[in-house]
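Quick look at what Swiss-Prot annotates:
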- Lys196, Asp201, Asp219, Glu280: Mn(2+) 2 binding site (BINDING)
- Asp201, Asp278, Glu280: Mn(2+) 1 binding site (BINDING)
- Lys208: active site (ACT_SITE)
- Arg282: active site (ACT_SITE)
Amino acid sequence: MSTQMSVFLSQEAAQPQWGARAILSFSEAGATIHIGEGHDLGAVQRAGRTLDGQGIALVALSGKGWDLESVWAFYQGYRGPKKKNALEWDALAEADQVELEARIRATDWTRDIINKTAEEVAPRQLATMAAEYIKSVAPAGTVKAKIVKDKDLLTEGWEGIYAVGRGSERTSAMLQLDFNPTGDENAPVFACLVGKGITFDSGGYSIKPGQFMTAMKADMGGAATITGGLGLAIERGLNKRIKLILCCAENMISGRALKLGDIITYKNGKTVEIMNTDAEGRLVLADGLMFASAQNPELIIDCATLTGAAKNALGNDYHALLSFDDELSHQALTAANQEKEGLWPLPLADFHRGMLPSNFADLSNISSGDYTPGASTAAAFLSYFVDDYKKGWIHMDCAGTYRKSSSDKWAAGATGMGVRTLARLLIDQAK
């Protein structure tokens with residue numbers, strides 16, 4: 001007897017015995033998702049989550065109505081971190097099937113690497129895994145990758161990454177990846193993508209309480225998300241030269257670790273006083289943004305699980321978008337809307353740049369005072385390391401990267417949210 005369950009779509013309401021608001025009902029034929037006349041993709045994703053939660057490990061999407069977006073919605077909800085469910089669907093139109101498979105590859109890689117333990121993904125391993133993934137989806141010969149590690153970081157002047165990671169026994173690393181499909185080694189760099197890759201964040205000497213540390217294997221979620229976004233863009237046909245810079249370190253406590261009151265002198269001459277070692281993401285991103293600016297690209301995007309303030313403001317359902325470039329922000333929000341992902345703007349203004357005073361350095365790594373806008377001042381800090389911060393730069397504070405517990409739509413763990421938005425934004429901007 002087959003243990004596979006067929007799942008159908010219906011615009012009709014469920015029979016009364018299933019409840020007035022039921023989105024799922026069962027019969028001898030299998031399960032039916034009741035999507036209403038509006039083709040509710042949220043209902044499809046919630047049904048996928050419910051079936052996974054019931055331990056149904058073999059599903060066939062059957063009958064009429066299954067298109068690219070509905071199959072994708074079901075897959076998102078049905079996928080969990082602890083086991084590999086088997087999902088079948090009738091072949092879609094060729095272009096839709098290609099797109100679906102590319103989405104699955106990109107978001108599976110993103111979700112899987114975020115869900116791995118910090119023991120499995122050290123800073124150098126993160127850089128290596130990201131480079132291997134991009135090489136696996138890019139045309140042969142279009143990718144070159146360099147990993148700068150340990151004291152070589154100091155040789156190249158990447159003081160922030162080295163300082164944050166020096167308390168760990170696991171060496172820090174910067175991935176410098178060059179995707180160049182043009183065939184011209186002198187082609188201009190169209191965009192630089194910068195990701196925060198903190199593979200575990202204890203908070204350092206500004207140590208996190210235990211309940212806030214349990215999800216800190218996912219503090220490299222920005223690096224994973226922006227890598228997945230590039231991978232999907234490549235599979236969608238991206239034809240411009242892109243550089244990916246991942247800033248990878250482990251924020252730990254030891255006799256060598258960064259201390260409060262230490263001052264970092266960056267490659268651009270800026271000095272930063274460390275007033276909180278748990279505000280470390282911005283310290284590593286500063287190096288990546290300086291590298292990016294030196295490539296003179298048209299576009300710089302950075303992604304980071306940077307602040308609790310963004311998560312407090314938006315919850316798990318949106319990433320925060322901060323930028324001085326209103327037109328680019330609008331285009332990013334449009335891309336997110338088209339890809340059905342959550343992205344929401346938070347304010348970033350010149351006065352935020354003045355909220356990082358230090359008595360001993362050019363800047364403090366945190367803002368002072370009561371009720372300071374933490375997400376905005378974190379982005380303002382980053383702006384000091386972008387040459388033309390008013391144009392062509394956006395910062396994504398990835399509040400929706402990871403869920404500590406499951407919801408009605410998502411399993412616990414990584415979501416992959418943002419990968420599609422980044423891919424579309426790159427493709428659209430490259431036109």
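Here the Cβ of each residue, glycine as well, is placed from N, Cα and C on the backbone.
Quantities reported herein were computed from a predicted structural model and do not represent experimental measurements.
Under a cutoff of 8 A between CB atoms, and with a sequence separation of 6+ in the same chain, the neighbours of Arg282 (active site) are Ala304, Leu306, Asn365, Ala378, Phe381, Leu382.
If you measure from the Cα atom of Asp201 (Mn(2+) 2 binding site) to that of Asp278 (Mn(2+) 1 binding site), you get 8 Å.
Neighbour density for Lys196 (Mn(2+) 2 binding site): within 10 A of its CB lie 31 other CB atoms from the protein chains shown. Put simply, Asp278 is the one of the binding-site residues Lys196, Asp219, Asp278, Glu280 whose Cα lies nearest to the Cα of Lys208 (active site).
Looking at Asp201, Asp219, Asp278, Glu280, the binding-site residues in this record, the fewest other C-beta atoms within 10 angstroms of the C-beta turn up around Asp278.
Report note: the Mn(2+) 2 site is defined by Lys196, Asp201, Asp219, Glu280, and the residues of the same chain whose CB lies within 8 Å of the CB centroid of those residues, excluding them, are Val164, Ile198, Met216, Met220, Ala249, Asn251, Gly281, Val284, Ala304, Thr305.
Sequence-ordered, the extra residues of this chain that approach the Mn(2+) 1 site, with Cβ no more than 8 Å from the Cβ center of Asp201, Asp278, Glu280, are Val164, Ile198, Ser202, Gly203, Gly204, Ser206, Lys208, Asp219, Asn251, Thr277, Ala279, Gly281. It is 12 Å from the Cα atom of Asp219 (Mn(2+) 2 binding site) to that of Asp278 (Mn(2+) 1 binding site).
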